[in-house]
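The annotation NAD(+) binding site is assigned in Swiss-Prot to Tyr119, Gln180, Asn203 on the grounds of sequence analysis. Here Swiss-Prot flags Thr226, Gln248, His251, His317, Asp350, Glu404, His409 as substrate binding site, drawing on sequence analysis. Taken from Swiss-Prot, the feature Zn(2+) binding site covers Gln248, His251, Asp350, His409, and the record attributes it to sequence analysis. Annotation comment: Swiss-Prot describes Glu316, His317 as active site, proton acceptor.
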Amino acid sequence: MPMLNAQQFLNQFSLEAPLDESLYPIIRDICQEVKVHGDKALKMYNLTFDHTKTDHLEISHEQIKAAFDTLDEKTKQALQQSYERIKAYQESIKQTNQQLEESVECYEIYHPLESVGIYVPGGKASYPSTVLMTATLAQVAGVENIVVVTPPQPNGVSQEVLAACYITQVDQVFQVGGAQSIAALTYGTETIPKVDKIVGPGNQFVAYAKKYLFGQVGIDQIAGPTEIALIIDETADLDAIVYDVFAQAEHDELARTYAISEDAQVLKDLESRIAKALPNVDRYDIVSKSIANQHYLIHASNFDEACHVMNTIAPEHASIQTVNPQPYIEKVKYVGALFIGHYSPEVIGDYVAGPSHVLPTNRTARFTNGLSVNDFLTRNTVIHLSKDTFEQIADSAQHIAHVEALYNHQQSILIRQS
C-alpha cells in the first residue's frame, strides 16, 4: 500500500471496464435458449450451473409465510426495523401528483410501473437486505406485481430471504439465478412473468445479461465491484476505519478501497493498523487480495484537492470522518451515497439507515444515482393548452417547423389557426 500524493494517484487512476467482453457470446446463447425453451432451459441451467434439480421453479406463498413464521425473533425484528426505516425514507422522497390550479397548462403526473423483477444474489451467502432495499421501494411506489428471482440451493432458498419477501409483500418468488433469470424476466416463460424493469445486484453474468437485454426491459444499472473512499483526519477513529475498509474488501477481491487525508501521518498510522489486523481478519483470502491490489492511500495537500480526488473517483460509497465534515457535504458531489461522521459507517447504510444500498459503481456516480422509489415510477408530461395560449405561441411553432422543412408539422399548426 504505497502512499501516493494526489497528483500521482490521479495520473495513474483508471477503472477497468466493469464487464468481461468475452462473456458476450455465452450470455447471448443463454438468453436465446431461455427465449426459445422457457422453463425447460431454466431447469437445465439450474442443474448445470447451480447443481440443483428443481421440479418447481416457483416457491409457494405457504413456504414464504412459513419461512417468516419460523424465523428466530431477533432476526425477524432486525428485518422488520430495516423495512420500516426504508419504507419511511422512501415515502418521504416519493414524487407525487400535485393538485394544480386550472391555469397550469403544462405539468407532470406519476404512475407506478406495472411489474418489476428483482434479482437477489445467492451462492455462499444470504442477502435478505437486497430484498428489503429493492422490494420495499417497489411496494412504496405502488408496483402491481413484484417478482423475485434468486439462485436455487441444494437445501432450498435462504429462509431469511424468503422472510424478507414476506415482509415486503413480494408477489412471486422463483428459484432461478444468473443470466438465465434475467432472460426469463425479460421474455417471460411458462411460469415466470415478463416484467417491465429489472433491478438488483449480481455477478458479471447477471450484469452482462442486463446490459445485453436493456431496451427490451428496463434496468437499474450495470453494477461493478463495490468500493468505498474515505476522507479522514487526525480525529478519526482509525481502528473503526480499518473495519470500514475490511467491510468493503470482504465482498470481492476486486473491491476498491481508498483513504484520503491531508495528514500523511494519519495515513501511515492507518496503514500500520491495517497490516496488524489483516492476518486475523475473517474472510482473509478475499480481504487480503483486495487490500494488496485495490487499496489506495492518497495524501491531499488541502481541502480542495481532497474533494477533487473524491469527485474523480466518484465512488459507490463516500465516508467523511473529520473534525468538521460539513464543508464536504456541498463540495463532494459525485458519489453514490455520502456517510458523514463516526456514527454513520457505510455498513449501517447496507442494512438499516433507509436509503437503498443499490448504488452506482465504476465512476457512474458522475451521471447517475442510487436506486429510489422514484425509479419505480413513470413520469408523464401533460400539455393542456387554452385557445389563448395556443394563439400566443402558434406562430413560433409553425415557423420552426418551416425552418426544419417539416411541412406537415407546420400544417398541423396552421390548420388550427384558420
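Just so you know, glycine gets a Cβ as well, placed from its N, Cα and C.
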Rounded inter-Cα distance in Å - Glu316 (active site, proton acceptor), Asn203 (NAD(+) binding site): 16
Among the NAD(+)-binding set Tyr119, Gln180, Asn203, as the record gives it, the longest Cα-Cα distance in Å: 12
In the chain carrying Thr226 (substrate binding site), residues 6 or more apart in sequence that have Cβ under 8 angstroms from it: Gln248, His251, Asp252, Ala255, Arg256, Glu316, His317, Thr361
Max CA-CA distance, Å, over listed substrate-binding residues Thr226, Gln248, His251, His317, Asp350, Glu404, His409: 55
Nearest-integer angstrom distance between the alpha carbons (Cα) of Tyr119 (NAD(+) binding site) and Asp350 (substrate binding site): 16
Pairwise CA distance, Gln180 (NAD(+) binding site) versus Asp350 (substrate binding site), rounded so that it is a whole Å: 27
Lowest local Cβ density among Gln180, Asn203, Gln248, which the record lists as binding-site residues, within 10 Å: Asn203
